[in-house]
Amino acid sequence: MNDAALPPDVSAALANGLQAQSLDADFAAPLLRYLTLLVRWNKTYNLTAVRDPREMVTRHLLDSLAMQPYIVSGTLADLGTGPGLPGIPLAITRPQLQVTLVESNGKKARFMREALRHLALGNARVAEARAEAVDEPAAYDHLTARALDTLAGIIAVGGHLLRPGGSLLAMKGVYPHEEIAALPAGWRVGEVHPLQVPGLDGERHLVVVHKD
């Protein structure tokens, strides 16, 4: 499948979404190449439950990119990234960011390696492992997790990867009052940003948790 094989309104939906998120239109081409590869592999390997490319634009690409204003540079570990979400869209739009895509599922890890090769994306790499097994203590400025666990659960499996003073950026739906109240000692919420994802109804919040 090439980009032209995607439904004709997919490109327009992505272009409109990038504009709404104040992102450069030049990012559309690599994002569409990634989407095309994801659609193709998903038919065989079931990488995501979302099947419709139009829905993938909203629920995968634009949702991932909603956190982009809050991560500028440095090192980032994306925990339980699945097929590379949000890590690959962030690596595309933030070339100064060094992204490690942490995923234990072999099919998803193979897909991501092919995607990085296909996109010639030199600022990202795949770590095929569970987050708790990645032996890189205090190596990262940022952690992300889009659909992995509660805040305390994310910290339990991946908190060792974050340097002191670093930040965990966790995507949540409604404001997670109970999860924030259950944070372990040594971790504190810095900010909670309401997110607007073009085309997506429902609440989205980005919770930024700092490691003391």
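Each residue, glycine too, has its Cβ placed from N, Cα and C.
These figures come from a predicted structure and were not determined experimentally.
Features as listed in Swiss-Prot:
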- Gly80, Leu85, Ala131, Glu132, Arg146: S-adenosyl-L-methionine binding site (BINDING)
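Under DSSP, Gly80 (S-adenosyl-L-methionine binding site) is assigned to coil, being neither helix nor strand in the three-state scheme. Binding-site extent for S-adenosyl-L-methionine: residues Gly80, Leu85, Ala131, Glu132, Arg146, maximum pairwise Cα distance 19 Å (rounded to the nearest whole number). DSSP assigns Arg146 (S-adenosyl-L-methionine binding site) to coil in the three-state reduction, placing it in neither a helix nor a strand. Cβ crowding, taken as the number of other Cβ atoms within 10 Å, peaks at Leu85 among the binding-site residues Leu85, Glu132, Arg146.
Between the binding-site residues Gly80, Ala131, the minimum number of other C-beta atoms within 10 Å of a residue's C-beta occurs at Gly80.
Annotation note: Ala131 (S-adenosyl-L-methionine binding site) sits in a helical segment as assigned by DSSP.
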